[in-house]
Amino acid sequence: MNNDEIRASLLKRSRASKNEIFGKVISGICITIIIGVVVSIFYFVASKGLATFFTDKVNLWKFLTGTVWNPSTNDAQGDPQVGALPMIVGSFSVTFLAAIVATPFAIGAAVFMTEISPKLGKRVLQPVIELLVGIPSVVYGFIGLSVVVPFVRRTFGGSGFGILSGTFVLFVMILPTVTSMTVDALNSVPRNYREASLALGATRWQTIYKVVLRASVSGIITAVVFGMSRAFGEALAVQMVIGNAMLLPGNLISPASTLTSVLTMGMGNSVMGSLSNNALWSLALLLLIMPLVFNILIRWIGKRGAMH
Amino acid sequence: MKKRLIALLGLTSLLVILSGCQLKQTGESITAVGSSALQPLVEAAGDRFTEDNPGQFINVQGGGSGTGLSQIQAASVEIGNSDLYAEQKSGIDPKDLVDHKVAVVGVTPVVNPEISVKNLSTDQLAKIFSGDITNWNKLGGPNQKIVVINRAQGSGTRDTFERWVMKGRSTMQAQEQDSTGMVRQIVASTPGAISYMAFPYVDKTVKTVNVDNVTPTDKNVQINKWKIWSYEHMYTNGKPTGLTAKFMTYILSDTIQDEIVGEMGYIPIKDMKVSRTLAGKVATINE
């Protein structure tokens, strides 16, 4: 072999490097498409949602604090009645209440699965909880409508539709998410923490309570926030049980509404480009921003947890 | 690995190509979008139409009257179904739209079967829905709180009800549901509930109420004795041509009007003894 041939074979692209370029191009294209889709969704929702404030000149403050939602009519000052406060309050109440109810159950189940009986937990509890994730939300809503609503009506009075029913349904829906993430958090606590604690003479309960749970606090909070962001975005199941009345909820058993339920109900009945449609897009924009806030919260918690 | 990737890509592109093919191979088709109240009727008529005219298809989609009107305005579909006159919907320019009234549907108040009240005046009904009357005992019924259930804002049924019952009074904020099926289920199971729905949806689980001593029957709608009714509109953008025109003639033909429209609980347009304009002016039709 003379020098030129060696030189040529070295300079030529080998099979492996061609493969590498091929792979890079494919993944590059995929990533570009995904980024493009995300950016265009944001752009589309923002342009439609902001039109309420720029084109229709609705005051942002009035939108966030107004209590009357009736986009087709004007109030005494001639401004359109697009007060989103009842829905904002409704959405946040069901989300927080569901999270508050779900957290103890999730932590209990997770502790059982990781600390007390990992075998039984893995074989029985985990599949059951994973099964809950797979149930479509319309099924939850239907069960809510035919079981939870009459139950609430008989036990607490009222029509049965309201935040309380929504909370019960969402509780079951976010439980699997929160539980499985809490399990991960507990599993990531190093083994030597437990061993050290037991060696010091602590009981199992003391170890769980004072060591394992304390060490995984940031992980558990992340799990809860994740569950909340799922609850916040849930539309169908909540819509079926909450009653959809655009009223500031006076108590837990009077009909209320959430951002998502108003959105799904109103979309088909309004005309693209009209104020009532734009106002719905503004609600969609709010729904898009909230998961962002939740995500930032999760990252912030993660960072704080890492420092300790 | 590479082979698999290529196979996957090939499969995906094949799917894309095939799904494109499907539209072409089925021959001629038009799309009708809109009102969910009208959807079952158009679907049934469309199926019959395809039976009689093989290779010509009518795609029917729901989505609500607002969707129907805005889609037909943008000319992105051939037919827009609506419970409302295009003029009644804000954001719609009715200039280019051609109205085809294909049927009439009556709307009746319904209550939970346990409520013994049999008759309400229009005024009482309006007071219930505006929140001025809140207990059935004021209307001769049991001491039971009234639970008002509305349809979603912008729904055709709600607009019809508000126009002929509320007459400008505003409806109070109350529970809203976006489908008649949900309304029926909730009225049937909630004590003291009242709502309203189109005649075809009424069944044994809910109870209808007479208004001003008139029973909600097709006969009473035909002579406008029962005032809460609306036309079912199918709008086309400009004068219908080709398959669209053929289908419009078909759906207004005697066979369809007698067999399908009547059977499904709507009132055939040719059975109407009166006509009513957009402004609400009623005139007797002379045969």
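In case you wondered, yes, glycine gets a Cβ from its N, Cα and C as well.
Unlike curated records, TrEMBL annotations are generated automatically.
Listed in TrEMBL for this protein:
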type: DOMAIN; residues: A:88-298; note: domain 'ABC transmembrane type-1'
type: TRANSMEM; residues: A:21-46; note: transmembrane segment
type: TRANSMEM; residues: A:88-112; note: transmembrane segment
type: TRANSMEM; residues: A:124-149; note: transmembrane segment
type: TRANSMEM; residues: A:161-186; note: transmembrane segment
type: TRANSMEM; residues: A:207-228; note: transmembrane segment
type: TRANSMEM; residues: A:279-298; note: transmembrane segment
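Tertiary neighbourhood of the transmembrane segment (A:21-46): same-chain residues 13, 281, 284-285, 288, selected by CB-CB distance under 8 Å and a gap of 6+ residues from either end. Residues of the same chain lying 6 or more positions beyond the ends of the transmembrane segment (A:279-298) and with a Cβ under 8 Å from any Cβ of it are 42, 45-46, 48-53, 58, 63, 71, 80, 82, 84, 87-88, 222, 225-226, 228-229, 232-233, 259-260, 262-263, 266-267, 270. The largest share of C-beta pairs under 8 angstroms with the transmembrane segment (A:88-112) comes from A:161-186, of the ranges A:124-149, A:161-186, A:207-228. Cβ atoms under 8 Å from those of the transmembrane segment (A:207-228) belong to residues 95-96, 98-99, 102-103, 106-107, 111, 114-115, 174-175, 177-179, 181-182, 184-186, 188-189, 193-194, 197-198, 294, 297-298, 301-302, 304-306, 308 of the same chain, restricted to positions at least 6 beyond its ends.
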